[in-house]
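Worksheet: one structure, shown below.
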Amino acid sequence: METNGNQPIATSAATAAATDGGGLERLDRRSVVVLICVGLACGILSGLFGIGGGTIIVPALVWLGLSQRHAAATSLAAIVPTSISGVVSYATGGNVNWIAALLLALGVVVGSQLGSLLLSRLPEVALRWIWVVFLIFVIIQQVTFTPPREGHIVLHVWSGLFLILLGCVTGALAGVLGIGGGAIMMPALSFLFGASDLMARGTSLLVMFPGAISGTVANWKRGIVHLKSGLIVGCCAAVTAPLGTMMAGWLTPRAGSLLFAAWLTFLAVRSTWTALKATRAARGN
């Protein structure tokens with residue numbers, strides 16, 4: 001057992017406690033195989049949906065034995081190489097708005113610091129329920145709105161300010177949930193700013209990079225990053241992200257939205273069950 005404040009956090013032998021600064025942890029063969037598979041699947045989802053992959057990384061790390069807090073922090077570290085690979089693929093097709101990404105990134109870097117602070121202080125049960133509520137919100141948005149295939153972001157003073165604000169909100173939520181923020185930015189860029197589905201995905205992947213680095217550095221200083229696990233997942237995801245990008249171009253915007261909603265529904269059901277068990281356990285103590 002390792003402790004975080006007054007709250008015990010159970011970890012398995014496969015994911016033994018990180019050293020100061022969230023350094024190396026011991027991993028058995030089973031855990032390495034699981035992490036590799038998670039990374040390969042994460043890369044496809046990242047390229048396909050324009051997300052960092054936290055929606056698959058966090059549950060997998062929790063299943064391996066990490067607390068929600070450590071899983072979220074480690075997931076953010078894995079998103080760094082994942083986002084690089086994905087954005088290169090989208091940029092090759094001209095589906096990245098660099099100015100919008102810069103404005104979003106300014107907000108994300110600030111917001112991720114707040115998210116990292118909240119991650120280290122919020123109760124474990126609260127983190128699990130925030131995750132569930134977030135998933136439900138995105139599912140509803142994906143089912144009710146279909147992004148255009150042809151569209152672009154119109155930039156002016158007000159849209160620039162709103163992009164920075166969106167970045168702040170995204171960074172804070174990303175830091176708390178251990179996601180890259182694509183599940184927030186991608187639908188927001190299409191729904192609020194008129195970006196095409198491919199442009200929204202490519203731009204959101206680009207923005208994830210500075211936000212993930214900023215949040216990971218903050219989490220590292222707090223000693224909650226399992227670096228080896230994060231690198232295994234992230235490097236494997238970087239290999240398959242271009243395949244996901246190709247698949248995104250084959251799908252219609254509506255099909256892409258419904259597939260994303262279906263994946264999130266599966267996660268929401270599983271995460272709700274996990275959160276309920278954690279709540280009962282907390283009340284029992």
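Glycine too: its Cβ is placed from the backbone N, Cα and C atoms.
Record features, source TrEMBL:
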TRANSMEM  32-65  transmembrane segment
TRANSMEM  71-91  transmembrane segment
TRANSMEM  98-119  transmembrane segment
TRANSMEM  125-145  transmembrane segment
TRANSMEM  157-186  transmembrane segment
TRANSMEM  198-218  transmembrane segment
TRANSMEM  230-251  transmembrane segment
TRANSMEM  257-276  transmembrane segment
(message) Is it the case that the transmembrane segment (230-251) and the transmembrane segment (125-145) touch, counting contact as three or more CB pairs under 8 Å in which the residues of each pair are 6 or more positions apart?
(response) no
(message) I need to check the long-range neighbours of the transmembrane segment (125-145): which residues 6 or more away from its ends have a CB within less than 8 Å of a CB in the stretch?
(response) 55, 58, 68-69, 72, 119, 173, 176-177, 183-184, 187, 190-191, 257-258, 260-261, 264-265, 267-268, 271-272, 274-275, 278-279, 282
(message) At a C-beta cut-off of under 8 Å, are there same-chain residues at least 6 beyond the transmembrane segment (98-119) that contact it? List them, or none.
(response) 69, 72-73, 127, 153, 155, 160, 163-178, 181, 185, 189, 193, 195, 203-204, 206-212, 214-215, 218-219, 222, 224
(message) Do any residues, 6 or more residues outside the transmembrane segment (32-65), come within under 8 Å Cβ-to-Cβ of it, and if so which ones?
(response) 10-12, 14-15, 71-72, 74-76, 78-79, 82-83, 85-86, 89-90, 131, 135, 174, 177-183, 185-186, 200-202, 204-205, 208, 212, 226, 229, 232-248, 251, 256, 259-260, 263-264, 267, 270-271, 274
